[in-house]
Amino acid sequence: RLKFPISLWPSMLVILRLLMLDRLNYQDKEEVVLWMNTVGPYHNRQETYKYFSLPFCVGSKKSISHYHETLGEALQGVELEFSGLDIKFKDDVMPATYCEIDLDKEKRDAFVYAIKNHYWYQMYIDDLPIWGIVGEADENGEDYYLWTYKKLEIGFNGNRIVDVNLTSEGKVKLVPNTKIQMSYSVKWKKSDVKFEDRFDKYLDPSFFQHRIHWFSIFNSFMMVIFLVGLVSMILMRTLRKDYARYSKEEEMDDMDRDLGDEYGWKQVHGDVFRPSSHPLIFSSLIGSGCQIFAVSLIVIIVAMIEDLYTERGSMLSTAIFVYAATSPVNGYFGGSLYARQGGRRWIKQMFIGAFLIPAMVCGTAFFINFIAIYYHASRAIPFGTMVAVCCICFFVILPLNLVGTILGRNLSGQPNFPCRVNAVPRPIPEKKWFMEPAVIVCLGGILPFGSIFIEMYFIFTSFWAYKIYYVYGFMMLVLVILCIVTVCVTIVCTYFLLNAEDYRWQWTSFLSAASTAIYVYMYSFYYYFFKTKMYGLFQTSFYFGYMAVFSTALGIMCGAIGYMGTSAFVRKIYTNVKID
């Protein structure tokens, strides 16, 4: 196979895909490689180690070196090592010994520890994953047995492999200072499975297309219709009354207007377009949220078109590539917003916007990486991969972000507000406790979280358990529902806030939508303690570290969506009133 430097992976992705498709065609008697990947506890899916970190022996066939084909492989801890087994296409192998383990006390203790913790291992034949268990204990937990015989049944259709099954047999008791022979056999059989459908056996339609899943989508969709209708009705009736009252006030003379009750959202027209506090951070968050939304949308569409789950690390590689390619979106929205708010340190804003999400993700990953290195886990990120990620950040993301920032500042960076901003800020009157921004922020994320609550369970299960997520059509519907619910909720929250003559709507609209992340992270605690059997420092830090990253990214995306929708609403209502 051709070997490409990992730093050139984006440009080689298409070529590599074509090479792999060609490699999946075999001639009779051609060598078929059995790759040994990782081994680890069943209940801690992310805690994986090299297969030969356990004292397994290797076959006599000459070793073949493996390299990480994509960046996603390296980041996900794929550690393929040649098994040394002699397997040829359509050539049956009768039961044969391929190596022998000299079981001393140290090796026995390693196997016993693995069996106690329910260690499973993973292998690959022609990119098809195979799982097997290391061994088992007796009912009393006193004697431990190792499975020593791998019985492989490989299905072929034409000149392609379409199915692989592993049966573990040959249970041998672990006794110190003995020799254990490892054996295997290969049986080839013709199959009617099409090559395009060979991954269907790994999917679980009964789980992902359960009635509960369909009902949750339908329930969320009905909630969207109800919420949109309710918001439209309330706001249209209320705003119509407000416009009528303000038009009547326009006909009053100055004395009557001064003696009348002045309240409502119109009274803050001179402050509603005032720049938000901390505009540099705010605009960077909005730009990053818009980019995350663009990445989510594109990756879901690509996953619906291409079966990304059929290739190791392809989903992660695609997400990284799309994130780097959509960096101009971040620069455009963040840079234009910062310019409209009168920001002058646009270079600093560009750097913060470009590195906000990468710094958060890389910081968490590198912290967990220290724990992975301590555990000698395969999840430890190689130094070359770290360099490749840094190169992508500095030589791809940053320049594209600069292009987007320049375009945003020049095309939509001029403030064109429908109302003039007063020189002196208007004092904010006292209001009831439930109209305070802090209360609105806390309550704003409940409905958006409720719309994605069920889908979170399926996504969590696919990532933290042994399920392959493939229903990306459902995910697209949930994303659309989440956007609509988020915009509706933030518009209502902002209207109530402005009606209380509080013009601090920018951060409130962002944070009320972003608070969805708090509920998602709280749910992750429930999922960890009641839906999984994870344990240990490595798995716990991995779980809560990356769940914090996921929740924060989701919150930034929801916050940006809420702000963008609310900004359009605020501009619309203040455009339609006559202001002296």
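Using the three backbone atoms N, Cα and C, a Cβ is placed for every residue, glycine included.
If you check TrEMBL, you get these features:
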SIGNAL    1-27  signal peptide
TRANSMEM  212-235  transmembrane segment
TRANSMEM  280-305  transmembrane segment
TRANSMEM  317-339  transmembrane segment
TRANSMEM  351-375  transmembrane segment
TRANSMEM  381-403  transmembrane segment
TRANSMEM  438-460  transmembrane segment
TRANSMEM  472-498  transmembrane segment
TRANSMEM  510-530  transmembrane segment
TRANSMEM  542-564  transmembrane segment
Practice task
Given the cut-off of 8 Å on Cβ pairs that are 6 or more apart in sequence, determine whether the transmembrane segment (438-460) and the transmembrane segment (381-403) share at least 3 such pairs.
Solution key: no
Exercise for the section: Run the contact check on the transmembrane segment (472-498) against the transmembrane segment (212-235): 3 or more C-beta pairs under 8 Å, excluding pairs closer than 6 in sequence. Expected result: yes
Problem - Residues of the parent chain within Cβ reach of the transmembrane segment (351-375), under 8 Å, 6 or more residues beyond its termini - result: 47, 49, 75, 280-281, 283-285, 287-288, 291-292, 323, 327, 330-331, 334-335, 381, 386, 389, 393, 397-398, 401-402, 405, 537-538, 541-542, 545-546, 548-549, 552-553, 556
Exercise for the section: Count the Cβ pairs between the transmembrane segment (542-564) and the transmembrane segment (280-305) that lie under 8 angstroms and are 6 or more residues apart in sequence, then report whether there are at least 3. Expected result: yes
Fill in the blank from the handout: For the transmembrane segment (280-305), the distant same-chain contacts (Cβ-Cβ under 8 Å, at least six residues beyond its ends) come to 315, 318-319, 322-323, 326-327, 329-335, 337-338, 341, 343, 345, 348-349, 352-353, 356-357, 472-473, 475-476, 479, 483, 506-507, 510, 553, 556-561, 563-564
